[in-house]
Amino acid sequence: MVYLDFVSSVLMGFYGIILMSGRDNTIIVGIVMFMLSVIYTLYSPAVTASIPQIIEKEKLPSANGIIQQVGYVVNLLGPVLGGILYSFIGIKLVVIINAISFLICAILELFLNIPDLEIREKFKNPILKSIKEMKKSFIYLKERKTIVLGIIVSYALTNIFVVPILSVVTPYFINIQMSLPSSMYGFIEAIFVAGMIIGGMAITFRPKLFSVKKLHKTMYPMVIALIIMGIAVYLNAENKFFILGLYSFGGFGIMLSLALSNIISLNYIQQEVRGDMLGKVSAFSTAVATVSVPPGQMIFGQLIDFNFSLFSIVILTTISSVGVVYFIKWNVRKA
């Protein structure tokens, strides 16, 4: 984590210098964004693997809840604060501040006392070794931790068949079909994120109410929320705010379910997977979740391009979500 933050700081520092010199272009922006995405992909498994090393087992649910809450709040306030800073001081200073913030994070992480796990082998070809480690993680999960493997599969199913209703259908519904400004979309998106924050708070303050055996029940609000969203897109009422209210409430419910299920499943994975495999399994989980995003977005985008009504798309999503819930229930039956 320390190295990644230092690299991010140097990367943003160099980009800031490029901005100051006026040599910025689209290719450079794309390269910087790509590198930051790679760093984030590496960062997430490292954080996930380090949490059980510094938190007692019985406190993991609350700790994961707090960590997820912080992440949700940052995702909510980050773009807002970034936009405010951009409007007042410009992109150049924003990038410099970002570089400094990464550097401060790296320095603070130096004071963390995280036990190091013994590295049994060193390797020369990291790319080839990464592929082998992914395969090793899959075999380990298939043979010894089938429930964890099922949880990872459920991440992919949710990303393909449910999440695009928020990432693809929502902006189309608000900006195109209802002809509302982007500021309204931002407001509704904030309501969605509030569902994740409240879900994290629920587990933080009442961790004993949630267990992996009840994981499928945390998805019930998602199914109900999709039905509400279906009603919203079906209505032709003149009062757009009433429709938006229903739709926002539906999105809130979906994000609430996702927050609850993600934290519960993460806690289970951290407890079930042994320490030397946790980082590898987390990386495998992140890879599966990331790879499953584009197919879902493509499917829902094509449905819109083929002039499927939004009501039909929401109905199909609702049916798919019921299938996901049944899969999760079947997967955790022996937990």
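Using N, Cα and C of the backbone, Cβ positions are placed for all residues, glycine too.
Per TrEMBL, transmembrane segment is recorded for 27-49, 70-89, 95-114, 146-174, 186-206, 218-235, 241-269, 306-328.
For the transmembrane segment (27-49), the residues of the chain that approach it from at least six positions outside its boundaries are 1, 4, 7-8, 11-12, 15, 18, 67, 266, 269-270, 275, 278-280, 282-283, 285-287, 290, judged by C-beta separation under 8 angstroms. Same-chain residues lying 6 or more positions outside the transmembrane segment (95-114) and placing a CB less than 8 Å from one of its CB atoms are 1-2, 5-6, 8-13, 15-16, 19, 50, 53-54, 85.
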